[in-house]
Amino acid sequence: MGNCLDSSARVGNRESTFGGSSRISRKPNQSSRLSSLTIPSYSNNSFTTSSWSNLTPRSEGELLPSPTLKAFTFNELKTATRNFKPNSMIGEGGFGCVYKGWIGERSLSPSKPGSGMVVAVKKLKSEGFQGHKEWLTEVHYLGRLHHMNLVKLIGYCLEGEKRLLVYEYMPKGSLENHLFRRGAEPIPWKTRMKVAFSAARGLSFLHEAKVIYRDFKASNILLDVDFNAKLSDFGLAKAGPTGDRTHVTTQVIGTQGYAAPEYIATGRLTSKSDVYSFGVVLLELLSGRPTLDKSKVGVERNLVDWAIPYLVDRRKVFRIMDTKLGGQYPHKGACAAANIALRCLNTEPKLRPDMADVLSTLQQLETSSKKMGSTQNIVMSPSSHMS
């Protein structure tokens, strides 16, 4: 797993769950109804749940009838991480630290460094920002929802005040680091479309399972060795509306710059809130800019506000494209991706597409990117696209 940083802060402060962005938190009006959240209880060192919705996820994923998680002891995880040594740490944040460790592939018992399976061990501070409820929520969802584009939760440890989670290790780290870290190798167009498609596939699966992710952002998108994206950090996930309800009203918690404007204003949460966040990340993939950039001035500090005028005119799309691409991308594909982002960022939630529709369009884009030969790579120059 890549950088694994988390905290909760008010608007204006920088924060990150697996990287760096600002967390927003606001309680709903007292008259608002809070949706119920089923969280796991404990029995004989394993997890049980009192109820779970009847879900019909896609065939690509799997809904387990009960979690299949390993209950680690604290001493086992101390051994696996070499006593949580500083040189084993791969991430740090307000929640605590993440360490690289090794366990047996079948036994899941601690093994020597370099042998067995590499894992990421997330160790929470007792006074950290990620509370017990968020910790349980993550176990609840990742313990039951299995999909190629969700980070796999292998197990947990709960001993007294000690709370740890054990995940599969993601060798390429977070998308945020690849896009924004100084000195990072530029991501080619084909890889960016692969990341967008695989992240959309994970989010689409969640929505089909009636789960609202609520924290879709570049730092929560982790990458495997082949740059397949997997969604991580499910502490803010929420069960979607059921029956004739159109939304869930809840405390406003999310990340500044990624959270949908109507959710921030009203606390009304729908799957279209996630769609907006996806549009922001897609815009980050296209532009190579973070959603909030304090190094910029004026409208350029907010990626969405700056980019929207260029997204609506295909002749100006090149103006928002990441210069690190060196112009090596298909103009038609860039315009198509920009159009997807524009639709996702619609201020009217009902006019945003479903993630299933986004996924279908991105699949076509990713397929065309795979087939793209060098003759289709064009260098975009301002003179050739002036209106």
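Every residue gets a Cβ built from N, Cα and C, even glycine.
Note that the structure is predicted; figures quoted are calculated from it, not measured.
Residues or ranges marked as domain 'Protein kinase' by Swiss-Prot: 84-365.
As annotated by Swiss-Prot, N-myristoyl glycine applies to Gly2, with the evidence given as similarity to another entry.
Annotated S-palmitoyl cysteine per Swiss-Prot: Cys4, in sequence order, evidence recorded as similarity to another entry.
The phosphotyrosine annotation in Swiss-Prot covers Tyr167 (among others), and the record cites similarity to another entry as its basis. Cβ contacts within 10 Å of Tyr167 (phosphotyrosine), excluding its own Cβ and spanning all protein chains shown: 23.
If you look up Swiss-Prot, you'll see Ser219 marked as phosphoserine.
Per Swiss-Prot, the feature phosphotyrosine maps to Tyr263 (among others). Sequence-distant neighbours of Tyr263 (phosphotyrosine) (same chain, six or more apart, CB under 8 Å from its CB) are Val252, Gly254, Leu269, Ser273, listed in sequence order. According to its DSSP assignment, Tyr263 (phosphotyrosine) is helical.
A 10 Å cutoff on Cβ-Cβ distances gives Ser219 (phosphoserine) a total of 32 other Cβ atoms nearby, all chains included. Separating the Cα atoms of Tyr167 (phosphotyrosine) and Ser219 (phosphoserine) is a whole-number distance of 16 Å.
Per-residue pLDDT, averaged over the domain 'Protein kinase' (84-365), rounds to 93.
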